[in-house]
Amino acid sequence: MENNIKAAGGPPIWREELYTTLGFLSFLYLTTTTVFFYNRRRKIADIRYRPLRLNILNVVATVTLCVMICLKSAFYPKYPCVFNHWPAYIGFFLYDSSVTCRVISFSWIAKYNLAKLRLSVAYTPHQTTFNFNNNSNNNINNFINSPKSPGIKERLEKDFPGVKLMNRLKKFKHFTTDKWLTYWIICPMMAIALTIATVEQLVLHNISIIPLNVNCPPVEIEFFPLIILNGTFLFIIIPFLIYLIFNIRDAYGLRNELMVTLISGAIAYIAYFLIEIVIPQLKNYVGNLMLAWLTFIICHTLSITIPLIQSFKHKVYAVPPSIKSSARVLKRSLSTTKNNQNHVINISEDGKSKRYIRFEKVLEDSELFELYKVCTAACFCTELILFLREYQFLKSLVVHCCTPSNKEILPPPTPKLHITETGHVLFSDNSDLLNSSTATLVSPSFITTPCTKSITETVSAATWIPMPIELHTDYKNFYETFFDSDSDLAINFPGSLLNDIKGMVKNENYELTMYEQAREEVLNLLYRNTFERFLKMYGSEVEKKGI
């Protein structure tokens, strides 16, 4: 009977050489790119959002399955069943569980940053109350919503949508880390897979080692657990995972990458049964799992190889050091690829490149500022843009306390907007605002200078006058919001900067300019990590503004 079975792909001699070579090249490609990916992980822009454990385990499953598929196709129909049995159980259980965990982790990160974006409306001071006609500075907080830490704000606004979403997501934060997902989902799944594989190895004669059995029917009892696993993954888990990430918008392409992985995996699984049951004649020309092999290679290329290649092309743009606002000049570096070493950057008289000036103009425009918030949510760093918004409000308090002659400060009108659960920004039709003939709009939190200007550039006396006692609470709240590690909006500042500010707050040695270097660091992070992606997302809107 076996003599009448045609080999997959043609005559046995060149078929074995072809598929064996393909298996070796697959192993070499998968392992080499993964090693380089691991070594260059710090150079990959979105590595923080690619859980390393989950990606490595996913690669292990991919290598196992790809090599097994190539060898099975090479030696079919004389491929030993035991060599098909163990790699299939280990590979499919590990692949399905690792992909599921990757989607869960990514979904939580994206929705958590979207919750921060929606929560930002709650953090925004009511601009209609920016009238400081009160003679007493002690009552200033009766008229203005000062920046508050997330915990306080959540208790004050229980019904706000962003707070509800944030509270729900925080309950699952611990359960979406790659460490927890590995230990409590992948490890138990692998224990189940190894247990089933071991029991079948001991009980069933079809996968015996002595004598070595090569007659492996596609649908036998030993394959039922795998069929149930893959069927559940295909018809229940994949639709649910697609639902989780369908409306997510991220700037790194992670959502699209995972969508391709899920959909292509489902197609490959269906194609396997079509070849095995409906059109088995096709196995005479191509292995029944070769479409699955192609799917694994494509998914590996998307998740490992392409980020690896992009790490060699990634540019890091420099931020001009601020001489006026920083006590210490931050050293910035500009790294480019070898092909761009001779690239000339136009520098203005104040040391800023034309690109950076464009970045500042974007932040100074009210509507583009709101769009930038959406971009930072897509880049998973919403707290950076919220820092600038709250810094603006802090600046307004300093202006009020330190410039007694300027008791009435009214900002220009803020565009009315609505942020949906999927991160879309909708502006209301306000012809008076959009068609205004006044000067260019500045950021919605504009008080006396835009968010690109520091407190010392706004109030020159801030560098030497004593800290007003009524500002202590607001400065402490600002610290708790963006510097306290327990805050939902904590920013990962350099250790030296964080220690300096933490020491000043602990000793209550507040200074009006104590957050200036932090503001520079935030602008640096925004410019280097998000501005290029903002231009890709909203380049047309920027062009309409003539910026």
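Here the Cβ of each residue, glycine as well, is placed from N, Cα and C on the backbone.
Range 18-38 is the one annotated as transmembrane segment, of 18-38, 375-395 (source: TrEMBL). Contact between the transmembrane segment (88-110) and the transmembrane segment (223-246) is supported by 3 or more Cβ pairs under 8 Å, counting only residues 6 or more apart in sequence.
Of the candidate ranges 18-38, 180-203, 285-309, 18-38 has the most C-beta pairs within less than 8 angstroms of the transmembrane segment (59-76). Summarised by DSSP class, the composition of the domain 'RGS' (476-536) is 39 helix, 0 strand, 22 coil.
Panel annotation: around the transmembrane segment (180-203), residues 51, 53-54, 57, 82, 85-86, 89-90, 93-94, 96-98, 100-101, 104-105, 174, 222, 225 of the same chain, lying at least six beyond its termini, place a Cβ under 8 Å from a Cβ of the stretch. Distant neighbours of the transmembrane segment (258-279): 99, 102-103, 106, 218-219, 230, 233-234, 238, 241-242, 245, 288-289, 291-292, 294-295, 298-299, 302-303; these residues of the same chain sit at least 6 beyond its ends, with a Cβ under 8 Å from one of its Cβ atoms. With a cut-off of 8 Å between Cβ atoms, the residues of this chain six or more beyond the transmembrane segment (285-309) that come close are 8-10, 19, 26, 29-30, 33-34, 36-37, 40, 44-47, 50, 55, 58-59, 62, 65-66, 69-70, 72-73, 76, 95, 218, 257, 260-261, 264-265, 267-269, 271-272, 275-276.
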